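S.K.: Pulled these from Swiss-Prot:
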ACT_SITE  C328  active site, cysteine persulfide intermediate
BINDING   A75, T76, N155, Q183, S203, A204, H205, T243  pyridoxal 5'-phosphate binding site
BINDING   C328  [2Fe-2S] cluster binding site
MOD_RES   K206  N6-(pyridoxal phosphate)lysine
Amino acid sequence: MKLPIYLDYSATTPVDPRVAQKMSECLLMDGNFGNPASRSHVFGWKAEEAVENARRQVAELVNADPREIVWTSGATESDNLAIKGVAHFYSGKGKHIITSKIEHKAVLDTCRQLEREGFEVTYLEPGEDGLITSALVEAALRDDTILVSVMHVNNEIGTVNDIAAIGELTRSRGVLFHVDAAQSTGKVEIDLDKLKVDLMSFSAHKTYGPKGIGALYVRRKPRVRIEGQMHGGGHERGMRSGTLATHQIVGMGEAFRIAKEEMAQENARVLALRDRFFAQIDGLEELYINGSMTSRVPHNLNVSFNYVEGESLIMALKDLAVSSGSACTSASLEPSYVLRALGRNDELAHSSIRFTFGRFTTEEEIDYAAKKVVEAVSKLRELSPLWDMYKEGVDLSQVEWQAH
């Protein structure tokens with residue numbers, strides 16, 4: 001077993017060796033290095049063939065038409081393209097957008113930008129279980145609503161929203177529905193032939209593919225129109241200009257092909273690992289699971305250890321790569337906005353740790369990690385006067401602290 005142990009698979013995943021091999025074949029002079037847009041010679045034709053094969057592999061994982069897949073630089077760009085693209089194209093129809101308070105920053109900050117441009121955005125509050133329901137969406141719908149954007153799987157707490165029910169609602173009301181699915185490919189079944197979803201964002205690096213490549217699903221029937229945000233050579237049917245990165249696209253295609261083949265057994269294995277880990281830390285007092293345990297992806301466990309500062313726990317767990325909050329916001333010392341939206345107080349939000357397991361996690365690593373967590377939490381609590389007061393039965397919420 002090698003240290004440190006990586007337990008932050010929701011931040012990023014290592015590239016699968018099979019993916020790296022396919023990518024390496026698209027770089028050198030004797031490989032498939034051509035520009036897919038070069039129509040006048042065999043180097044371009046071969047590259048285009050590889051790109052279209054990858055487009056088909058991405059489409060097959062989510063049961064879409066390959067023509068509905070648009071390449072982007074990642075899920076952040078896909079979110080921007082979907083939300084701004086719809087808002088700008090359909091602004092004559094209405095200027096109201098619905099999203100939730102626990103979306104990824106790529107969605108929230110895009111919506112904030114649209115607010116500066118004169119759009120109105122409603123931010124839904126999840127229940128304590130971290131779920132956004134169709135009833136919540138329905139209550140916020142208005143005559144001038146043009147778009148609903150709700151994530152499939154939450155990046156911090158791993159909860160899975162019922163996008164099928166939300167899709168039925170939005171389609172019946174003639175409102176477009178965008179789903180950020182960066183965290184769900186390879187973990188949750190997605191069937192875009194059945195789901196009434198109009199736009200869906202994908203990322204390669206959350207699914208054992210390379211960073212810097214993603215895709216946006218744009219439905220053809222009923223047809224969804226978006227305004228391109230990147231202008232240039234008119235690539236991707238005008239929706240996203242820029243020379244296609246063959247090696248990254250091929251990597252994403254291969255990663256999604258593997259995800260389709262191995263998802264069922266992979267999920268069962270990772271769920272067993274998570275259950276094994278949780279069983280070993282469950283004996284700790286004042287341990288709170290964040291988000292629903294039933295509507296949740298198998299690889300995520302987000303827990304708060306009361307009376308322990310999350311940052312100090314991460315420092316104590318120097319052999320474990322884990323995070324508090326998401327990777328994109330872990331540099332800030334603010335408590336997780338996702339956990340605050342669930343109704344957690346600042347103390348519990350600050351004491352949360354996200355453990356995420358994946359393809360290369362072993363039982364040996366799980367057992368070692370659980371042992372280290374129990375030791376670190378117990379040690380930090382021994383040092384905490386608040387823990388002593390709690391153990392003595394003092395109600396800390398009633399204590400009036402003196403300011404110095």
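Glycine is no exception: its Cβ is also placed from the backbone N, Cα and C atoms.
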S.K.: Based on Cβ atoms within 10 Å, give me the single least packed residue among the binding-site residues T76, N155, S203, T243.
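M.R.: Sparsest of the binding-site residues T76, N155, S203, T243 by Cβ contacts within 10 Å: T243.
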S.K.: What number of additional C-beta atoms lies within 10 angstroms of the C-beta atom of A75 (pyridoxal 5'-phosphate binding site)?
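M.R.: The answer is 28.
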S.K.: Reduce the DSSP letter at S203 (pyridoxal 5'-phosphate binding site) to three states and note it down.
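M.R.: S203 (pyridoxal 5'-phosphate binding site) sits in a strand per DSSP.
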S.K.: With an 8 Å cut-off on Cβ-Cβ distance and a minimum sequence separation of at least 6, pull the same-chain contacts of H205 (pyridoxal 5'-phosphate binding site), or say none.
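M.R.: Long-range Cβ contacts: T12, T13, G74, K211, G212, I213.
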S.K.: How many Å separate the Cα atoms of T76 (pyridoxal 5'-phosphate binding site) and K206 (N6-(pyridoxal phosphate)lysine)?
M.R.: 12
S.K.: Give me the long-range Cβ neighbours of K206 (N6-(pyridoxal phosphate)lysine): same chain, 6+ apart, Cβ under 8 Å, in sequence order.
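M.R.: When sequence neighbours closer than 6 are ignored, K206 (N6-(pyridoxal phosphate)lysine) has S10, T12, T13, A75, A182, Q183, T185 within Cβ distance under 8 Å.
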S.K.: What is the total of other Cβ atoms whose distance to the Cβ of A204 (pyridoxal 5'-phosphate binding site) is within 10 Å?
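M.R.: Taking every protein chain into account, the count is 30.
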S.K.: Using the residues the record lists for pyridoxal 5'-phosphate (A75, T76, N155, Q183, S203, A204, H205, T243), what whole-number Å value is the largest Cα to Cα distance?
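M.R.: Taking every pair of listed residues, the largest Cα separation comes to 30 Å.
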